[in-house]
Amino acid sequence: MSKVGETTLVLDLAALEHNYNYLRSKIKPETKFLGVVKAFAYGSDMVTIAQKLEQLGADYLAVAYVSEGVLLRKAGIQLPILVLHPLVSNFDDLITNQLEPSIYSRNILNQFLEAAKAQEQTNYPVHIKFNTGLNRLGFSETDVDFIVEETKRSECIKIISAFSHLAASEDVNERDFSLNQINSFKNLSNALMDKLSYQPMQHMLNTSGIINYPEAQFEMVRSGIGLYGYGNQAQVDAQLRPVATLKTIISQIHQIDANESIGYNRAFKSNKPIKSATLPIGHADGIGRQYGKGKGFVTINNKKAPILGNVCMDMIMVDVTEIDCKEGDEVIVFGHQKSAEKFAATANTISYEILTAISQRVKRVAVGA
Ligand SMILES: *Cc1c(COP(=O)(O)O)cnc(C)c1O
């Protein structure tokens, strides 16, 4: 991998291709594949990842909010884009940019019908979201007749799919709960389809769903974290390759005497002489304060260097007493050897959070295209 001269998130597109092919190998060839690229493609680079997924043959993309879909359209992405959490105030932008809303409540359905009518749309593609136990967004059983009546009353929209989302697809202890969710999704979506004169697609599975419940793949699956190289389970992680590697360099090295302190609030106090390295990355780049005080560590010349004291806005100081290193040397925060999952675990969080936390200030560089 390339050397960097500043804090950089290196994105390995060959790893993305590998992960895409791996996930595809877990589903039937005819099952459609939706790549989830919300939150800057899990903190990486939304346009670069979307372009690569389009080139690899993904069938659909999904984002969380309308503004994210608009960015993709501006970059020339042609694939259909599902917006998982559209808000009423963005409906005009959504329609202008040919984004497809998840319709998750009576209010959203009514308001979207109005917006579609005002823009003189016919058969505008929408996706009906059912709540089957996550209790986040979605219609319930008692809404099915309402959905059908409102949809039939107007020519404005066409239901392209019915979908739901698993609450604990990675948790083997919640298998009964997940199977229940799948079952109630079948009942809800079948009830909807029975009352329509056409057959929307059905989809339910995220990455861990693809691995653990392949029998519920229906016509499409929706994968995010797996594409970026994380499988929520060690045996799946072993098959995937992290796309993002966060690198930085050593700005300065200090010899610290016994009884000196390092950083704000003197949160680290040395009881022996040590050597510290200052790195140009801090909480404004996504390394939260919870990684400080010895919890998180970076890798320098293949050795562990724990974070000393508090994380600053733009810098961290790490312990390099036992490491042969010099100013300008490369530092790996997380990536292909020490995964983001392991780095996140040091601060009691998960890969999803550390990946999406990497701020837009950090330079992105794609390799392996
Ligand atoms: C984010 C999201 C996904 C992707 O989940 P992963 O665990 O990252 O694969 C799928 N579906 C919905 C509704 C989501 O919000």
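All residue numbers here begin at 1 and follow the chain in the order shown.
Yeah, the Cβs are placed from backbone N, Cα and C, and that goes for glycine too.
All annotation found in TrEMBL is predicted automatically rather than curated by experts.
The N6-(pyridoxal phosphate)lysine annotation in TrEMBL covers K38. The Cβ of K38 (N6-(pyridoxal phosphate)lysine) lies under 8 Å from the Cβ of A62, V63, A64, Y65, E68, L84, G224, each of these being in the same chain and 6 or more residues away along the sequence. According to DSSP, K38 (N6-(pyridoxal phosphate)lysine) is assigned to a helical segment.
Positions annotated as active site, proton acceptor by TrEMBL: K38 (among others).
The substrate binding site annotation in TrEMBL covers R136, M313. Listed in sequence order, the residues of the same chain lying 6 or more apart from M313 (substrate binding site) and placing their CB within less than 8 Å of its CB are G282, H283, A284.
Annotated domain 'Alanine racemase C-terminal' per TrEMBL: 243-367, in sequence order.
The annotation active site, proton acceptor is assigned in TrEMBL to Y264 (among others). Its Cβ taken as reference, Y264 (active site, proton acceptor) is surrounded by 13 other Cβ atoms within 10 Å in the chains shown. Secondary structure from DSSP puts Y264 (active site, proton acceptor) in a helix.
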Completion exercise
Rounded Cα distance in angstrom between R136 (substrate binding site) and Y264 (active site, proton acceptor) is 40
Problem - Segment-level pLDDT (mean, integer) for the domain 'Alanine racemase C-terminal' (243-367) - result: 96
